[in-house]
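Feature annotation from TrEMBL assigns active site, proton donor to Asp121. The phosphoenolpyruvate binding site annotation in TrEMBL covers Lys22, Asn23. The UDP-N-acetyl-alpha-D-glucosamine binding site feature in TrEMBL is assigned to Arg97, Asp319, Met341. Per TrEMBL, the feature domain 'Enolpyruvate transferase' maps to 7-424.
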Amino acid sequence: MESFIIEGGHSLSGTITPQGAKNEALEVICASLLTPEEVRIKNIPDILDVKNLILLLTDIGVDVTRISRNEYSFKAENINLDYLESDEFIRKCASLRGSVLMIGPLLARFGKAVVTKPGGDKIGRRRLDTHFLGFKYLGAKFLHNDERNTFEINGKELKGCYMLLDEASVTGTANIIMAAVLAKGTTTIYNAACEPYIQQLCHMLNQMGARISGIASNLLTIVGVDSLHGTEHKILPDMIEVGSFIGMAAMVGDGIRIKNVSLRNLGIIPDAFRRLGVKIDTEDDDLIIPHMDHYEIDSFIDGSIMTLADAPWPGLTPDLLSVLLVVATQARGSVLFHQKMFESRLFFVDKLIDMGAQIILCDPHRAVVVGHDHNVRLRAGRMTSPDIRAGIALLIAAMSANGTSRIDNIAQIDRGYEDIEARLNNLGAKIERIS
Ligand SMILES: CC(=O)N[C@H]1[C@@H](OP(=O)(O)OP(=O)(O)OC[C@H]2O[C@@H](n3ccc(=O)[nH]c3=O)[C@H](O)[C@@H]2O)O[C@H](CO)[C@@H](O)[C@@H]1O
Ligand SMILES: C=C(OP(=O)(O)O)C(=O)O
């Protein structure tokens, strides 16, 4: 298992460009299963989760060609459905949350899929009810295999219908869309997730011949078609990586430009950092975060203490609360973080408390941070990355700390951040990877 050794106290300056979005990549790569024709995808991030998904697609027979570092072509002409029955398939799915996104396309095109417990972050219960309910609405039948603890899903004749989702699940919506594009008749999905990566998936599917309308809203209408054809698609910049870089620039930056961020698709993210007092300028599609000696947390108009809470898009993504929380540890003022969507994502704050941050963990969902206003620096420490976003938050904390820190289990960070130490070292950080 690899670790990072981080020498704290170096300020970062210069320009950094975000990678392609992990969560969009997982969706659109799986969408290539919907056609026997070639699908070319640009700006694919070179990260562990995506590499694992591509290996899984290769295993089931997709012809994958790497055209350049971040561009691939996928041709799902000869799919080996028997592989779905293998123990190896179950084992590989268990290491990757994104594997769940293969179900919708497999069901749509081949009338069959196998579901096992997917991997991903250990950030609380991650139920698949919305996915299952959506497939059932379309007419799929589920059979539990007690011996293997898997569900076999059969859906030879999926039929479009109206459905109201129990919650606006992101991967649930993506999966149902991909199942519905080849179903008979019209599917209407209400309470659909509508974040930019779902929008991108819909645009790509329409390029392939699908008929999806209502894109960017929570009411999608999908008129089923008989088949889809190949296409070319480019993945958006990763908004969570952009947010992580804003947090890093606020904590240890001496003037950072984040290039080509696709500002329109960042939604409320820059404003959430501004609420903590972080100054963010924009120039074309770049964000510029100047050096700040101090930043002060806003209060609400009635004078009450600031609360930052996650919510489904266009609300604040839960994936950035850990980074925002670290930034708050050095702000002037206090703020309540309310992680509503996940159950165990705030526990990493005990590591920040060990480093000297002033945080009260009220319960699994809420933490109050009382900022140091840069009067006290965090102390270096040894920690383990519990999940991808806590991992990057701890990395930022370690870069700002006094002394040399060590972060273990950095595979969690590698799941979602491409070549992170080299890119940050280019800006002046001192991070070494050891095994
Ligand atoms: C591979 C991928 O794309 N992963 C993302 C996807 O995960 P994923 O699609 O697995 O997450 P879901 O949207 O299904 O749900 C995330 C959590 O939010 C809760 N929930 C969801 C919707 C809602 O209206 N109310 C609510 O409370 C769910 O119960 C769950 O605890 O979306 C999450 C929420 O943006 C992100 O953290 C993940 O990075
Ligand atoms: C929770 C995340 O990822 P996953 O859904 O892949 O576990 C994330 O990207 O923050």
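Every residue, even glycine, has its Cβ placed from backbone N, Cα and C.
Within the model, the domain 'Enolpyruvate transferase' (7-424) carries an average pLDDT of 95. Comparing the binding-site residues Lys22, Arg97 on other C-beta atoms within 10 angstroms of each C-beta gives the minimum for Arg97.
Sequence-distant contacts (6 or more apart, same chain, Cβ under 8 Å) of Met341 (UDP-N-acetyl-alpha-D-glucosamine binding site) comprise Asp310, Ala311, Pro312, Pro318. With respect to ligand 2, the binding-site residues Arg97, Asp319, Met341 contribute Arg97, Asp319 as residues with a C-beta closer than 6 angstroms to one of its atoms, given in sequence order.
Checking the binding-site residues Lys22, Asn23, Arg97, Asp319 against ligand 1, the ones whose Cβ sits under 6 Å from it are Asn23, Arg97, Asp319.
Taking the Cβ of Asp319 (UDP-N-acetyl-alpha-D-glucosamine binding site) as centre and 10 Å as the limit, one finds 26 other Cβ atoms among all the protein chains shown.
DSSP assigns Met341 (UDP-N-acetyl-alpha-D-glucosamine binding site) to coil in the three-state reduction, placing it in neither a helix nor a strand. Each residue contributes its Cα atom, and for Asp319 (UDP-N-acetyl-alpha-D-glucosamine binding site) and Asn23 (phosphoenolpyruvate binding site) those atoms are 11 Å apart. The maximal spread of the UDP-N-acetyl-alpha-D-glucosamine binding site, taken as the longest Cα to Cα distance among Arg97, Asp319, Met341, is 17 Å.
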